Amino acid sequence: MTIDTPSPVRPVDKVTEGEPLGASRSERLSAFAQQHGALVTLVLAVLAAWLSFDTFMTVDNTQNMAVSSAFLAVVALGMTFVIITGGIDLSVGSLFALGGVLAAWGSQYGTAVALLLPLAVCGLIGFVNGLLIARSRLAPFIVTLAAMLGARGILLAVTDEGSKTYLVDKDSFFATLGQGKVLGIGAPVWITVGLFVAGAVVLRRSRFGQYVYAVGGNEDAAALMGAPVARTKTAVYTLSGLCAGLAGALNAAWLVSGVTILGSGMELEAISAVVIGGTLLSGGFGFISGSLVGVLLLKVIQNVINQIGSLDSAYQQVVSGGFLAVVVIAQTWLGRRRRVL
Amino acid sequence: MPSTTGHDTRPVMGAAVLSVRGLSKTFPGVHALDGVDFTAHAGEVHALIGENGAGKSTLIKVLTGVYRPDPAATPGTGVITYDGSEVEFTTPLAAQHAGISTIYQEVNLVPLMSVARNLFLGREPRGRLGLIDFRRMHREAEQALRDLGVRVDVRRPLRELGVGAQQMVALARAVAVDARVVIMDEPTSSLEPREVATLFGVIRMLRARGVAVIYVSHRLDELYEVCDTVTVLRDGTSVHSGPIAELDRLRLVSLMLGREVGDVRDEGLTNFSGNHDTEAQPILEAQELTVHHQLRGVSLAIRPGEVVGLGGLLGSGRSETAKAIAGALPPDSGRVVVAGAAVRTGSTPAAIRAGVSLLPEDRKAEGIVPGLSVRENIALAALPGLSRFGLVDEARIDRVVDTFMKRLRIKASGPHQRVGELSGGNQQKVLLARWLAMNPKVLLLDEPTRGIDVGAKAEVQKLIDELADDGLGVLLISSDVEELIEGSDRVVVLKDGAVVEELTGDAVTEDRLLRAIAAAPATTADPRTRGGDDD
């Protein structure tokens, strides 16, 4: 846009410099820590684990970590969009399990059904979540909590109270989506990487992505600037449902069965990963790559605790919880320094 | 195509672009707009003015699709006519798409997003695959802002900019779209003089392009400098519309305040009695209070037993002065002295300890707790003084509450009735009681009788009188000129955040007050700082 009329605007001799308020040295440092702190920590954690345990950097172990990270990462991808709009989605753990069972059941009718059925069902639940949150202005926490309980209920219903387990034919194409390898790296990892690239492009470079940031940054201003607030919110919850369903389907392909007990607590893991990755829980600020780093960091910590062996795996959660607390405190502190919060 | 409102015959102006006729908007219990007529023409800058509660903000929100007007009582009224046809904007987006751009008083942008992203949100230049072309966006954003005299790194988050620069980004956003109507709601309240000059340049450019500019401001100087026509709103109706050049300042102020100049009145219409003793030493002195953009060097003194009125238009810095004295607004410089001792500024506890109590303007948001009882509301602020070892002394509270309910004649079923159930006047009295329970030396009353019925108003006015008789120093802020004149022993007149005149004795008349408010700016006036009461 230009203002190119023979303009009566007087040529401005002095200009307003927009700099002085921000960008002091300590603020820049804080900004760096907020954006890349998780990555630095991840590198340090990997190096430490590598030096400490011979079994850490083996092909088996790293592949295992990569594949098991992939499913959480896909869930965290959708969650990142939700959290940037200032919302939260507690239903993803249940949708993950539901997606897995639906995929395993559907796999008997072919790969297309195995993939599309969980996407349709979980996407629809996410869409309803979004409608309730955006149009009826209900709290995301409550709406998605209800969806979390409801989806568990559907899960129990389709599996006869969890007594029925659907298996995936090991030789089907669907199973290779979970079990197959390309260049020695598991198929779920490739799919996840692809999704993250696409997600990052959408968030950074599409108009929808701008709306996501605007809604989370200042909802009223976004509305006054003409951003479609309700549509954007509906879209992010739908996206989150789709991601959770797809992650569940891939996981079922990997396990070659639909396991009903999976996914409990996964929503909190996903939220942790997103927050550790530098996305603000209050919305308006965050990035996709950080969530991936957050997932990897959580998985490396889990893996290290497993390596120690003598430590009860229950301590995994203590460590993850403690770590999350540290990150949130650091983030708040850094945010205040930068006067973002 | 509706006929234009008629009193405007200047040939330069184009056709009516946006108009309303007999527009009303009711909120539960409030007639915010009651039959407003308003017409904006192409190529004119139309000032929209009025005091607090006159309905400017509501009108703007109706015009921009934030609120929906009430259904019309008679056909042909209560509708918005835009570009010759009736329209109904259901969302701000719809109004924007139709070509109505708005710059709000508070910067309404997203602080965490970059300057360029804010500028282009929703209309980013897109390249292949529908992806945003950032290089082009940054280049164009930089150019657009440079045209407005702002040079910034458009990739940086908006929040790193000063408020003035942020306002310029909002301006750039508004003029970038091909708007036919640009509405500016107090756009200069946070601008530096240089930026104001740029803004006026942009406004003139818009006018030359045939855009209708609707300009809301309380700064008379600005109105006369940049506007062609003016519509005055008062109490939800339009009381005047016409070329601004035909209206002198005094007349404009009279219209806004609803008072006629030279309109001689008998005393005694309000419930204030005569004058109080004004010879004693000041109990409170404010010295050179300065707050960037809001107050510049406001000094005033209040003696015990005296009611000092604070006059001026909305945005002149009345509420800010009271807040600065009460510690609710930290001043950049200046001192507050109570009973000879300096009080730490910017701290309400310090002010309260010194004996200064503020009855805030917005009693719903800043005062009463509607869910609590009369007793609890009264005791709230005094609790620390009414407890021993952290335990509340119930018997003492009962005594205090009883005393004040009687003395202030609070009408409630008893001390345990919820304050939310009381009438506005009685809520106000409960608030008064709360502060009186603290044994203040000085009471600052910001619009103490707004929104309460006539009977209760008289009661409150009488109370103020009694309190002054009891030796309290009172600072009275009121938009009701009559109340201010009759209630005050002296009136300090503020304009653009500075004291312009002090009326004492026989000079405390409506006439003198209106003239002081309407006076052209002194040559020494520094336009950099000005007030910003909320509307």
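Yeah, the Cβs are placed from backbone N, Cα and C, and that goes for glycine too.
Positions annotated as transmembrane segment by TrEMBL: A:36-53, A:65-88, A:108-131, A:138-158, A:182-203, A:235-256, A:276-301, A:313-334.
Of the Cβ pairs linking the transmembrane segment (A:65-88) with the transmembrane segment (A:235-256) and spaced 6 or more residues apart, 3 or more are under 8 Å, so the two regions touch. Same-chain residues lying 6+ beyond the ends of the transmembrane segment (A:313-334) with a Cβ under 8 Å from its Cβ atoms: 30-31, 33-34, 37-38, 269, 272, 275-276, 278, 280-281, 297-298, 301-302, 305-306, 341. Across the candidate stretches A:108-131, A:182-203, A:276-301, the maximum count of CB pairs under 8 A to the transmembrane segment (A:235-256) is reached by A:108-131. A Cβ distance under 8 Å defines the sequence-distant neighbours of the transmembrane segment (A:276-301), meaning residues of its chain 6+ beyond its ends; these are 34-39, 41-42, 45-46, 49, 65, 68-69, 72-73, 76-77, 79-80, 83-88, 196, 199-200, 203-204, 213, 215-218, 269, 316, 319-320, 323-324, 327-328, 331, 335, 340-341.
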